[in-house]
Amino acid sequence: CTVILTRLATKDLHKPISILFCNLAVSDLFTSFSGFWISMLFITNPDITVFGSEDMLAPYALYTTSILSTIYNLVSIGVERYLAVAESMRTRFRVARSHFVAVVLINWVLAFFLGCLPLMGWNCLHAEGSISLLYSPFCVNYLVFVTIPNAAVAFVVPLFTYLRIILILRQRKLRMQACSQAAGTYRSAESQVARTSISIWLLALVSYAPFFAGVLLDAGARRCRGDLYPGVYVFRNCTAMLITVTCLGNPLLYTLRPRSLGAKLRALRCASAAR
């Protein structure tokens, strides 16, 4: 909410890429809301989060949708940063505000479609054979269908785009040095992009890799719940906490730098007092 309000109220942040940043904040907000919903269901009736129930379909579907939307937003931001740095591509294709709106709509449509498939009938409420042990009443084949391609998208595409950005900046720095020109700007930009890119990729890897590993474990472990309890369910809760850490880390990495956060909030408070 702080990210959304700050970007909407600060005029110098009204840029086309702010659409992606605000949409990323909305996805994180949905992740937090759905996680809170699941937690409340666990507090009121713990058995349904372990053995599965029809009441878990909606919160799990919203949780899956928000995670997919976050992944697609991270990929979109990485591609946009690559287009902004790659001068040869930018001269041929100028990213406009309408393109950002279209990307946001496509991301949400795809995320809702894949996330709501269990609500459309792809669930195991009446098929015990392929039911997931971690995320009942989801089916194991549905979780594998959703996680494996999106895991590849979440890890491979950002890694490729940010490595290309670093290589482009390094080539420009070497070109400037060959012409006996100062290359300090490109050197600082290269180090900053490298640090940010490594942080982004590591945050996504640490946050989502255990979730994907849990799905693969779920697909390979065909045992009864009594044999897996409680260690596997503790692992499931830890993966949910790591995804929440991603929701907290995204604003710091993408929109609100720690040094400028206080200044932005003070500016908002002063503007409110003046009005």
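Here the Cβ of each residue, glycine as well, is placed from N, Cα and C on the backbone.
Per TrEMBL, the feature domain 'G-protein coupled receptors family 1 profile' maps to 1-254. For 17-40, 60-79, 100-122, 142-167, 200-221, 233-256, the entry in TrEMBL reads transmembrane segment.
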Cβ-Cβ under 8 Å with the transmembrane segment (200-221): same-chain residues at least 6 beyond its ends
67, 71, 74, 78, 132-135, 140, 143-144, 147-148, 151, 154-155, 158-159, 162, 228, 232, 235-236, 238-239, 242-243, 245-246, 249-250, 253
Long-range CB partners for the transmembrane segment (233-256) (under 8 A, at least six residues beyond its ends), listed in sequence order, are 2-3, 6-7, 21, 24-25, 28, 31-32, 35, 38, 50, 67, 70, 77, 134-135, 196, 199-200, 203-204, 206-208, 210-211, 214, 264
For the domain 'G-protein coupled receptors family 1 profile' (1-254), what is the mean per-residue pLDDT, to the nearest integer?
78
Spatial neighbours of the transmembrane segment (17-40) not adjacent in sequence (6+ beyond its ends, CB under 8 Å) are 1, 3-4, 7-8, 49, 56, 59-60, 62-63, 65-67, 69-70, 73-74, 76-77, 80, 97, 100-101, 103-104, 107-108, 240, 243-244, 246-247, 250-251, 254-255
